[in-house]
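Feature annotations, courtesy of TrEMBL:
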REGION    54-113  region 'Disordered'
COMPBIAS  76-100  compositional bias 'Low complexity'
DOMAIN    148-589  domain 'Major facilitator superfamily (MFS) profile'
TRANSMEM  274-292  transmembrane segment
TRANSMEM  304-323  transmembrane segment
TRANSMEM  375-396  transmembrane segment
TRANSMEM  416-437  transmembrane segment
TRANSMEM  449-472  transmembrane segment
TRANSMEM  492-513  transmembrane segment
TRANSMEM  533-556  transmembrane segment
TRANSMEM  562-584  transmembrane segment
Amino acid sequence: MQQYAPTRQRMCGASAPGIASSISRSILRTPVRIQPLSRAPWQRAQRIPLYIPHGHQTPADLKLQQQGGDEPGADGSTPSSSGNGTSPSTSGSSSTASTSGGAGWNGGQVENQGGAGALKLPAGYASSITSGAPVSNGSKGLPHRWRIVIMMAVAFVLCNMDKVNMSVAVIPMAHELGWSALDRGLVSSSFFWGYTATQLPGGYIATKVGGAKVLAAGVCLWSLGTLIAPPAAQVSLLALCCSRVLVGLGEGVAPSAATTVLARLMPPNERSRAVSMVWGGLDVGSAVGLLLSGPLIRCYGWPSVFYLFAGLGLFWCLFWPMVKPDQDVDRAVDKAATAAAKAANQAAPAPQPEPGDKSVSFNVPWAAFFSSAPVWAVTVAHFCFNWGYYTLLAWLPSYFELALGLNVDKSSLLTLIPYVAMTAMMPLVGPVADGMVERGMPLTTVRKLCQGIAFVGPAICMIACAILTPTSSAMSMASATPAPLLVGVQPVANVPTAALVSLMSLAFALSAWSRAGLYCNHQDLSPKYAGTLLGITNTAGALPGVLGVTAAGYLLDATNSWALALFYPTAACQLFGALIYSIFASSERQPWS
C-alpha cells in the first residue's frame, strides 16, 4: 500500500511575493512513488515517501522549465496528477507534470501523489535515502556505491592473479632451481605466513581509519612484493619466501578493508550481490591468472608473470582515488530520510559512522566476539572452506603435471577450467540469495542453505576425485628423479582426465555459494564491526594456506598418494565445517553490535 506523508500545500500566484519568499525559505515536501525503470542490482523497487529538500527541483518546477513558465499556478491551477487520487490544489483544474529527463536523470520513475505524471531522478538517489549510501547526483546510470564495488572487485581480481601466478610459475622454477615437492610447498605456503599476520591488524585498522585507505595500501604492498619476486628467487629460496610474505601481508588486509566499505555502503537487500561481486573477483582473478600465466611463461619466461601482474596492481593504486571511495554520505538526503521516517511514525535509519570520525567510539568488544557461538561458527567454517580452496589453488597445476603427465601449458589450462566454472556460478548466487530474503525466508536459513551447498557438494566431488586418482607407482620414482627429468613424465594408469576436471569444476562451482553464506555473515552479525570480525575469521581461514599447503607437500612425499595428500583431507574439513555451521551459525544482529 502506498503511504502518504503530510503534504504542505503550495500556494501559487505571481502577486504574492511574501508567500513566495516564505516558500523559498522552507523545505518543499512532495510525496512520490519510486518505480525503477530497470531491475539492475542497484535499482530495486521501493515505495517510500520522498521529501525533496530546498534547492532541488520538484515535478512542478520541471514542468514550468519545459513550458517556459516562471511561476506555478500561472494558469490558475497547481501541478497535479490524475489517476488513483487527486493532489491538493488551490483550484479545480489540474495538469500533468512530466519530463523526459536530462543527462544523469535516469535512475527511476517518480509519480506525483496518486497520479501518472513522471519525472526522472538521479540514479541511486532514491535508494540512497533508505540505505544511507553515498549519493552522486550527477551520476549517469550507475550509483556511486556500485562504482566503488566494481573497483574493489577489480582489486580482488588482481589479488588472486598475484596469488596463482606462483602456482604456475613454480613448475618451471622448480625445474630450473632444482626444488623438491617440499620446497614447492614451502614457496607456495610462504604467502600465507604474511597473509595470516595481517588479518586482525587489518580489520582493526580498517575499522579505525576506513577500509578504502587500507585497501589501497594493501594493493600497493602486494604489488611491490610481486615485483621483487624474480630477483629474489635468483638470490635464494629464503629471499623468494620473504618476497611472498610481503605479498601475503598486502593481500591479508584486503578482505577486512572491503568488508568495512561494504558494511558502510550497502543496504541488506543488496548485500549478497555486492559481496558476490567483490569476492567473485577472486575467482575471476584465479581464472585470468591461470589463463595468462602459461602463455606468458612459454613466450617470455617465468619472471614475466610477476612483472606484468605487479604493474597492473600499481596502476590500480593510481586509479582508485579517482572514484572517491571515501566520499561522505549526502547529509541532506540523510536528514531527509530521518524527517520522512519521523513523519511516518517510523524509526529513523541509524546513520553509519564515517571512517576516522573521532566522535564515534570504536571500542572493539573482543571478549564478546570470542564468547559468541555464531562468531565461532563462522570462524570454523572459514577455516574448513579455505582448507580446500587454498590447497587446491596451490597444488592443482602440480597435480596435473605430476599425476597426469601434462606440461605447464596444459596444466595451467586445465587448472583454469574449475575457476571458470566458479566464476560462471557467481552471477546466480547473489540474486538467488537476495531473492530468498526478499520473499520472506529467514536470513539465517538463507546463509545456512548457501553455505551447506558450498560444503557438502564439493566434499562429495573430492571423494570421487580421490577414488578416480590411482596411487601411481611412478610417483616415488618421480620424486626421487632430479627435477629437470620430470618434464614429460606420463601417468602409469589411464586416469580419466575429463572426469577429474569435470568433478573439480562442479566442486568449485558449488563452492561459489559460500559468497552468500559465510562471507555475508560478518555484516549480518554486526555492520559496525564487520571488518574486525572478518579479520578474526580470516586469520583462521589463512591457516590452511600454511598448514594445508605445506602438509599436502609433506604427505605427497611420504605417501605418493594424491588422494591422501589432497582430496580426503579436503573432504573431511568440508564435512566438518558443514556440521558446525549448520548447528551454531546465525545471522541475527548481535547484542554487542
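Here the Cβ of each residue, glycine as well, is placed from N, Cα and C on the backbone.
Not measured: the values here are computed from a predicted model.
Using a cut-off of 8 Å between Cβ atoms, the transmembrane segment (492-513) and the transmembrane segment (304-323) share fewer than three residue pairs, counting only pairs 6 or more apart in sequence. Confidence over the domain 'Major facilitator superfamily (MFS) profile' (148-589), given as mean pLDDT on the 0 to 100 scale, stands at 82.
Looking at 274-292, 304-323, 375-396, 533-556, the range that has the most CB pairs within less than 8 A of the transmembrane segment (416-437) turns out to be 274-292. If one looks beyond the transmembrane segment (304-323) by at least 6 residues along the same chain, the residues whose Cβ comes under 8 Å of a Cβ in the stretch are 147-148, 151, 154-155, 158, 161-162, 165, 168-169, 212, 215-216, 219-220, 222-224, 226-227, 229-230, 289, 292-293, 296-297. A Cβ distance under 8 Å defines the sequence-distant neighbours of the transmembrane segment (375-396), meaning residues of its chain 6+ beyond its ends; these are 163-164, 167, 185, 188-189, 192, 286, 369, 411, 414-415, 418, 451, 454-455, 458, 462, 504, 507, 511, 514, 517-518, 521-522, 525, 533, 536-538, 540-545, 548-549, 552, 566, 569-570, 573-574, 576-578, 580-581, 583-586. Through the fold, the transmembrane segment (274-292) approaches residues 41, 146, 149-150, 152-165, 167-168, 258, 262, 265-266, 305, 308-309, 393, 397, 412-413, 415-416, 419-420, 422-423, 426-427, 429-430, 433, 508, 512, 515-516, 519-520, 523 of its own chain, all at least 6 residues removed from its boundaries and within a Cβ separation under 8 Å.
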